[in-house]
Number of protein chains: 2
Amino acid sequence: SVGGRSCRRLSGALVRPLLDSVDCVLFDCDGVIWRGDQAIPGAPQVINLLKESGKKVFFVTNNSTKTRKMYADKLATLGFHASEEEVFGTAYCSAMYLKTVCRLDGKVYLIGSPAMRQELEAVGIQQTGVGPDPVSGKQSDWANVALDPEVKAVLVGFDEHFSYMKLNRALQYLSQQGCLFVGTNRDSRLPLEGGKAVPGTGCLLQAVETAAQCQAQTVGKPNRFMYDCVASQFGLSRDRCLMVGDRLDTDIMLGSNCGLKTLLTLTGVSTVADAEAHQQSGCAERQGMVPDYYVESIADLLPEYF
Amino acid sequence: SVGGRSCRRLSGALVRPLLDSVDCVLFDCDGVIWRGDQAIPGAPQVINLLKESGKKVFFVTNNSTKTRKMYADKLATLGFHASEEEVFGTAYCSAMYLKTVCRLDGKVYLIGSPAMRQELEAVGIQQTGVGPDPVSGKQSDWANVALDPEVKAVLVGFDEHFSYMKLNRALQYLSQQGCLFVGTNRDSRLPLEGGKAVPGTGCLLQAVETAAQCQAQTVGKPNRFMYDCVASQFGLSRDRCLMVGDRLDTDIMLGSNCGLKTLLTLTGVSTVADAEAHQQSGCAERQGMVPDYYVESIADLLPEYF
């Protein structure tokens with residue numbers, strides 16, 4: 001749809017024309033095809049049948065705690081037919097971003113997970129920083145903490161060992177001339193079952209940005225690099241792609257930013273009321289968070305198409 | 001000065017009329033009367049002579065790492081005549097804010113220092129949280145971390161043991177109905193000798209605010225509570241007060257917010273060029289960061305007044 005988005009329920013006779021109009025479907029993971037360690041009922045069948053009917057399917061997630069391999073294993077366990085090459089998480093995409101866009105010549109100071117370290121190493125980028133980094137000494141010691149002279153970029157992803165000392169080390173690296181500053185994503189919370197949530201990477205990134213007094217370049221949705229990364233490897237055409245997600249501010253916004261068709265599924269974070277509020281706001285920027293269509297669950301596609 | 005601020009160099013014949021026009025002088029500490037562990041040369045003499053000539057003098061600092069007693073001891077060591085009652089740091093002022101403004105009936109979850117714990121306990125407020133809090137387990141464990149049912153407020157100050165688990169614990173408390181959210185201050189960095197800096201409380205507060213998806217009430221400069229706290233205890237009249245500081249965004253802004261006369265000293269963070277940029281911006285909000293006067297050092301007051 002050009003111009004205003006419709007936010008229409010996708011059902012009955014609308015399903016087949018939409019799916020016939022695309023060659024490729026990009027799925028967010030958490031809240032869309034699974035929740036935590038449980039597949040959304042019917043989701044594996046939908047995705048497996050889409051692939052059998054000739055569609056290209058990709059898994060596009062802001063979560064930086066797993067490698068492509070770890071995602072492929074989880075997908076297989078839950079009954080999805082998927083290969084590593086179809087998975088685009090921010091651990092992998094950040095490594096690709098540093099290598100192909102930044103053409104980084106040096107090491108990374110990594111606030112992140114062992115999975116991020118693996119993806120960096122897989123593209124030949126050395127890193128330092130994974131694991132606990134407890135504080136010791138006093139302010140003048142912190143300001144003069146030992147730095148690796150080969151570090152030329154700071155990369156911030158999800159890190160359960162985030163600490164004052166890591167924040168300080170990032171500030172000291174970013175105070176050096178020419179140091180790159182990249183974040184995986186800005187999600188403020190990771191939602192869990194039962195309405196609970198834990199702090200997301202956006203919190204850690206905000207802390208480092210406040211210290212550094214400058215903004216990081218982020219790789220994850222809604223920034224278009226995630227889509228560009230898939231499109232360049234598989235030769236996609238944006239007007240033949242559908243982006244499916246549960247968050248208006250990341251998934252649907254990515255689709256809008258890249259000119260894809262968009263489908264909101266209600267098994268995760270955002271609601272139809274959220275989408276309608278954006279639609280009725282009269283704010284141009286918020287129109288990008290209005291999906292073309294919504295479904296209760298991606299399982300609703302099953303009886304209509306197959 | 002009513003309306004526009006002048007940002008004039010305070011020297012020669014201007015010193016006596018300004019000091020004669022006030023009964024009370026409020027000094028920021030770091031960058032104004034000392035730097036790190038060294039007194040600014042001449043500062044002790046100026047402050048001691050101001051007091052001998054009958055002025056009330058107060059020390060007003062956003063630093064939350066020391067109790068009033070610890071500040072009084074440091075002041076004495078560096079040659080300043082000062083008592084505990086003249087010191088208003090954010091450790092003390094946050095405790096007063098929770099007790100007198102919030103009328104807190106419950107415990108505090110404290111991201112902060114042992115000094116903050118002492119000041120809370122001194123006004124009868126119980127707390128939990130000081131010291132290391134390393135991560136363990138997985139996401140669902142973090143979301144269900146044990147909480148103290150008596151906690152009714154989260155207070156964020158400087159904490160070198162800041163960690164992901166503390167951030168998470170703050171989020172879980174703030175997700176409870178009616179939990180208060182207070183921060184000591186928003187300073188993004190603590191400047192050190194030689195142009196170096198370490199991350200300030202503002203970084204930690206931003207991380208917690210991003211997780212909680214709401215803003216804390218802050219106690220420190222430029223919020224007027226710090227001045228109100230001094231004024232209510234000592235019966236000050238705002239048009240007979242001078243605020244002296246090295247930062248335009250905290251010290252001078254506090255003075256403007258409270259209707260005090262303001263003096264920038266150039267021994268710390270801000271420059272005359274910074275002040276002139278605010279003055280010439282045409283932005284109403286930035287006029288509050290233009291001081292009435294500036295001096296190279298508060299020692300420059302010495303030959304002119306005494």
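Cβ atoms here come from the backbone N, Cα and C positions, even for glycine.
Caution: TrEMBL annotation is automatic and unverified by curators.
According to TrEMBL, the feature Mg(2+) binding site maps to B:Asp28, B:Asp30, B:Asp246. A strand conformation is recorded for B:Asp30 (Mg(2+) binding site) in the three-state DSSP classification. Around the Cβ of B:Asp30 (Mg(2+) binding site), the number of neighbouring Cβ atoms within 10 Å comes to 20.
Taken from TrEMBL, the feature active site, nucleophile covers B:Asp28.
The active site, proton donor feature in TrEMBL is assigned to B:Asp30.
Annotation source TrEMBL lists substrate binding site at B:Lys221. Annotation for B:Lys221 (substrate binding site): same-chain Cβ neighbours under 8 Å, separated by at least 6 residues, are B:Asp28, B:Val60, B:Asn62, B:Asn185, B:Gly245, B:Thr250, B:Asp251, B:Met253, B:Leu254.
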Around the Cβ of B:Asp28 (Mg(2+) binding site), the count of other Cβ atoms that are within 10 Å: 24
B:Asp28, B:Asp30, B:Asp246 excluded, remaining Cβ within 8 Å of their centroid (Mg(2+)): B:Cys29, B:Gly31, B:Val32, B:Ile33, B:Thr61, B:Gly245, B:Arg247, B:Asp251, B:Thr265, B:Gly268, B:Val269
Proximal but sequence-remote residues of the same chain as B:Asp246 (Mg(2+) binding site) (Cβ under 8 Å, at least 6 apart): B:Asp28, B:Asp30, B:Gly31, B:Val32, B:Leu264, B:Thr265, B:Leu266, B:Thr267, B:Gly268, B:Val269, B:Ser270
